[in-house]
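What Swiss-Prot records for 25-182 is domain 'Helicase ATP-binding'. The ATP binding site annotation in Swiss-Prot covers 38, 39, 40, 41, 42, 43, 44, 45 and is backed by sequence analysis. Marked as motif 'Beta-hairpin' by Swiss-Prot: 91-114. Among the features that Swiss-Prot reports, domain 'Helicase C-terminal' is placed at 430-592, with the record citing sequence analysis. What Swiss-Prot records for 621-656 is domain 'UVR', and it gives sequence analysis as the kind of evidence.
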């Protein structure tokens, strides 16, 4: 069994050693819940990593959105290169759930676009949890949604070992039952092909590796891992475990039992609808369900099969569905990052899902059992969660209640950086004063973050600053994840000096070059100007030794008073620690080096250069294939900036290839 092993030039420093010891002591004494209060830049992720290494327990880390999950995943992957660090988020690029609007008699069919790369990573996560113990899974709230039963998923697994006998037809049938597709022409993930005595399988958890099974009669002689693009053999394997191409695979006996259960519920529901004098709903439900039953009988699956999941898992009405939590071993560890946001999000998931499905059931689009295809209720999540460490700079009421108000603080930063100086100025002429402060900050070579209350104000302010020739951009909720990363990169590199936003300048936005955070209309009490929001926003200036925060307010609100007082308290503790240990604050600059790597890829390669570099189509095609692999690899590692650059370069090269051919 592999143990967790951190590979890093850094060692715990500042408050980290004490916090690590306290959390581990709490885990050893069987505390179910602990609170790690970590301020911005205090090294929360590195602290979590050290706790994982020392406890040596499989770990799930929950984040409240995909961007933060990706950030934590990337950091953990770099810290634990020899261990399994996995990513588990929703695999939908686009998702429109089925819904019915009774007022207009409008039924909206389910429509979705699945991201193959993220689906692959979800399979890799569940596979790792079933195969090994040195596993860290970084997940969004997706982990509380229904997933195939781990028992069935493992039961359906095909275990392959050289020297064993496997009747060929039986093996091919097993692969089909695992929802692998036979394709002897287009070999891609989730497919298998047959060539003579060889069977090639492209596993669901790989994007660039496949397995070749070499037989002599029914005896499996060798298993080779190979590159599906070039055919090059990469390794000889002692064994291979083939898991389902879907988390909802199940044996035929289970399907047959489920069909019986669905038919029984259908008859009861039809009788109920008839008794309510609802002929349209009766006919609709019968037609839709009979079609699904036909598909299940013939293929073992149907569109929207997850709505019948209760019958496949053998659970009773109202019981919680199987989720990722059931794949975790009993001694697993859970970290809830930015818990002040994540916990309320978990609490809200169930009600929204049920409200939509209840309408579908009432109007004959779904059986009542569809209500059991759902996320966990908050109470269920609270029951299922293993020993938990909540992580936040601003703990919420649930975490404080669970931990009895006891927190483990991470206030001293390893870099010696202080919480920023907070200045309160009148809001009357806030824009004019902001421009003056911007000039000073930009002249020092730093960047400016400005947060407003409304989208209209953010747009107007951005346009006004651009008219005044300030390099300004606006970050809003409609910006795609990759575009968001590009905007932040441009800010870091100085292509942009000022970034304006509303509620996007809070958790997880780390800009070491930020010298000023300006909070407009800070005295307008509400969600965006609450104590928690203000502390989180103030934290954006805490990665620069010269960082300042200006709160524009005409009156002192309770939220401003508490946020500024807490920041001052932390700043004084940090100053005393620095003076005692002779530490000089240093601006964080490590992330800048990561950007330098992306610049090695020239995305501005034009077609003329391509013709010069590659004098024939064959050479160019080989290079294009190589770049495609690199792009997919970058995407799988969530290195989005690199993937975008490679994508742009590929587009240019493919145009050049057309001209050469």
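The backbone N, Cα and C atoms fix where each Cβ goes, and this holds for glycine too.
Summary of the ATP site environment: with the site residues 38, 39, 40, 41, 42, 43, 44, 45 set aside, the chain residues having Cβ atoms within 8 Å of the Cβ mean position are 47, 393, 410, 413. Taken together, the residues of the motif 'Beta-hairpin' (91-114) have an average pLDDT of 66. Counting other Cβ atoms within 10 Å of each Cβ, the lowest count among the binding-site residues 40, 42, 45 belongs to 45. Working note on the binding-site residues 38, 41: by count of other C-beta atoms within 10 Å of each C-beta, 38 ranks first. Within the same chain, residues at least 6 positions away in sequence whose Cβ sits under 8 Å from that of residue 39 (ATP binding site) are 393, 410, 411, 413, 419, 539, 542, 570. Taken residue by residue with DSSP, residue 45 (ATP binding site) is part of a helix. Mapped onto three states, the DSSP output places residue 39 (ATP binding site) in coil. Here the Cβ of residue 44 (ATP binding site) has 23 other Cβ atoms within 10 Å, regardless of which shown protein chain they belong to. Residue 43 (ATP binding site) is surrounded by 23 other CB atoms, counting those within 10 A of its CB over all protein chains shown.
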